[in-house]
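Colleague: One structure is given below, represented as structure tokens, and several questions about it will come after.
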Amino acid sequence: MTLRLHNSLTGRKEEFQPLEPGVVRMYTCGPTVWGPAHIGNMRSFLLYDLIRRQMRLSGCEVRHVMNLTDVDDRIIEQSDAAGMVISEFTPRWEESVLSDLKRLRAEPAEWYPRATQHVPEMIELISRLLELGHAYAMEGDVYFRIDSFPAYGALSKLDRRGKPVTTRVATDKYEKESASDFALWKAATERDRRVGAAWQTPFGLGRPGWHIECSAMASKYLGETLDLHAGGVDLLFPHHENEIAQSEAANRKPFSRYWLHGEHLTIATGDKMSKSSGNFLTLSDLLAAGHDPVAIRFQLLAGAHYRQRTHLSDEAIRAAAEQVRRLRELELRLSLLVPRPGVDDAAIYETALDGQAAYREAIDDDLNLAQGVGQVFEVVRQANSALDAGRVGTAGREAVLQLLAAADAHLDVLRGDEESLDEDVERLIEEREEARRRRDFATSDRIRDELRGRGLVLEDSREGVRWRRVPASG
Ligand code: AMP
Ligand code: ZN
């Protein structure tokens with residue numbers, strides 16, 4: 001089975017194949033750094049994490065860009081209110097988002113380009129659009145001419161037949177009904193100059209519109225055609241429609257082959273969680289309320305399919321914490337198991353293999369992790385019963401552990417938080433490694449038992465030795 005993804009461009013699930021075999025070029029819209037990111041933003045960022053993990057698991061090298069929007073209307077407003085220039089104002093919020101992503105175990109992207117550091121690339125792109133007649137200058141602003149790009153509206157299914165565009169918008173966000181020529185470049189205001197958001201260019205002193213940054217940075221790092229572009233559904237129109245128009249008009253090549261849009265995390269009333277309405281929760285809020293970041297990660301990733309709206313309640317996070325606990329507990333039980341010789345464990349072995357196939361099928365079906373995790377828990381229940389009944393042998397144990405590892409390659413919830421070990425414990429682990437290299441298994445087993453007595457269980461994996469804390473024994 002191969003991965004099928006719902007492509008917003010065609011409205012269908014399609015088999016995913018990168019253009020260059022073995023390499024996935026993906027661009028995902030990142031945060032606008034004018035305050036803390038909220039947990040709804042994190043839902044989208046964890047969708048990006050899920051996509052990239054699946055691409056890597058399928059054997060591809062991932063080249064992933066997530067931009068940081070560090071100049072826009074709200075950043076300028078907020079910097080001005082704080083009496084700062086934007087380059088003083090935004091770093092704090094960039095760090096805050098990146099640190100939240102780390103707490104939530106999102107794999108880092110290969111690039112986090114900042115808009116303000118790519119103004120020359122944007123100028124070049126806008127110049128090309130001007131030359132080709134896809135853009136025009138007006139009183140220090142530059143606008144994209146929608147009528148020059150007949151495919152405008154293909155992503156958002158906007159029907160523009162017989163509706164010539166005669167209006168312009170300078171704001172970055174607008175409704176479909178008012179599709180208008182949009183700003184690529186905006187003449188600097190007094191305030192833009194005050195907060196250091198003004199660049200000298202061939203079109204005059206000004207600053208970029210929001211959409212142009214993604215087109216410019218995507219092609220700089222990934223080339224003119226991407227394999228995959230993702231973002232929250234709120235970005236589909238006008239942001240992504242405009243990215244397509246800018247990039248395709250300039251490059252005459254398809255901009256992105258697949259478009260993925262993640263549904264929103266809502267507040268309790270069912271409305272979108274949003275920063276500008278002030279109706280939001282941050283990761284810090286949830287941690288302060290005593291929640292575990294790993295449970296939050298689990299729930300955001302596996303609580304609902306990414307194309308469904310969902311709400312993150314306290315109860316849901318607590319239930320997720322319990323699910324994580326059950327996964328960890330089963331992994332521990334299995335790793336401590338000393339199978340009885342000759343035990344018949346065909347039943348749990350088969351169950352685990354079926355579970356693994358069902359899990360893969362769910363993931364291949366448009367990344368349905370919620371459904372896949374449901375399959376895993378079916379096996380967890382049966383594995384615990386089989387363990388209680390003493391009906392797990394080596395084959396059964398390995399099969400269940402393999403299923404847990406397969407799910408954890410997406411979930412990443414089994415490992416504990418990184419913590420440093422005492423020096424003498426580190427030394428013991430090292431000595432055991434050496435003993436194993438000498439094939440001195442008596443010593444290596446003795447050290448393993450000693451560490452177990454101190455509350456550490458070692459597991460040998462292909463990536464090296466892993467350890468986890470358990471109640472001290474002996
Ligand atoms: P922003 O910082 O507002 O530019 O948003 C960064 C990313 O978060 C974008 O991909 C948005 O689509 C996404 N996003 C914003 N609000 C939500 C939400 N309530 N649920 C899921 N994703 C969201
Ligand atoms: Zn974007």
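In case you wondered, yes, glycine gets a Cβ from its N, Cα and C as well.
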Colleague: I'm validating the feature mapping. Which of 31-41, 53-63, 64-74, 185-195 is tagged motif ''HIGH' region' in TrEMBL?
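Modeller: So the range that TrEMBL calls motif ''HIGH' region' is 31-41.
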Colleague: When you average the Cβ positions of Cys29, Cys214, His239, Glu243 for the Zn(2+) site, which other residues in that chain have a Cβ within 8 Å of that mean position?
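Modeller: Neighbours found: Trp210, His211, Glu213, Ser215, His229, Gly231, Leu235, His240, Asn242.
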Colleague: Take the motif ''HIGH' region' (31-41) and find every residue of the same chain, 6 or more past its ends, with a Cβ under 8 Å from one of its Cβ atoms.
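Modeller: Sequence-remote neighbours of the motif ''HIGH' region' (31-41) are 68-70, 72, 74-75, 77-78, 89-90, 93-94, 96-97, 100, 232, 264-266, 272-275, 280-286, 296, 300, 312.
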Colleague: Cβ under 6 Å from an atom of ligand 1: which of these binding-site residues qualify? The list is Cys29, Cys214, His239, Glu243.
Modeller: Cys29
Colleague: Tell me the Cβ neighbour count for Glu243 (Zn(2+) binding site), meaning other Cβ atoms within 10 Å of its Cβ, over all protein chains shown.
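Modeller: That number is 27.
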Colleague: Please average pLDDT over the coiled coil (411-445) for the predicted structure.
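Modeller: Its mean pLDDT is 86.
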Colleague: If H, G and I count as helix, E and B as strand, and all else as coil, what does DSSP give for Cys214 (Zn(2+) binding site)?
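Modeller: Where Cys214 (Zn(2+) binding site) sits, the three-state DSSP reduction gives helix.
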Colleague: At 10 angstroms around each C-beta, which of the binding-site residues Cys29, Cys214 has the fewest other C-beta atoms nearby?
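Modeller: Counting other Cβ atoms within 10 Å of each of the binding-site residues Cys29, Cys214, the minimum falls on Cys29.
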